[in-house]
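A.B. asks: There's a structure below that I have some questions on.
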Amino acid sequence: QTWLPFV
């Protein structure tokens, strides 16, 4: 997952 602001 690369769409999360903390990921």
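Using the three backbone atoms N, Cα and C, a Cβ is placed for every residue, glycine included.
Pasting the relevant annotations from Swiss-Prot:
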type: MOD_RES; residues: Gln1; note: pyrrolidone carboxylic acid
type: MOD_RES; residues: Val7; note: valine amide
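Could you tell me the structural context for the features on the list?
C.D. replies: Sequence-distant contacts of Gln1 (pyrrolidone carboxylic acid), defined by Cβ-Cβ distance under 8 angstroms and a gap of at least six in the same chain, are Val7.
Under the DSSP three-state reduction, Val7 (valine amide) is assigned to coil, being neither helix nor strand.
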A.B. asks: With every protein chain in view, how many other Cβ atoms are within 10 Å of the Cβ of Val7 (valine amide)?
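C.D. replies: A count of 6.
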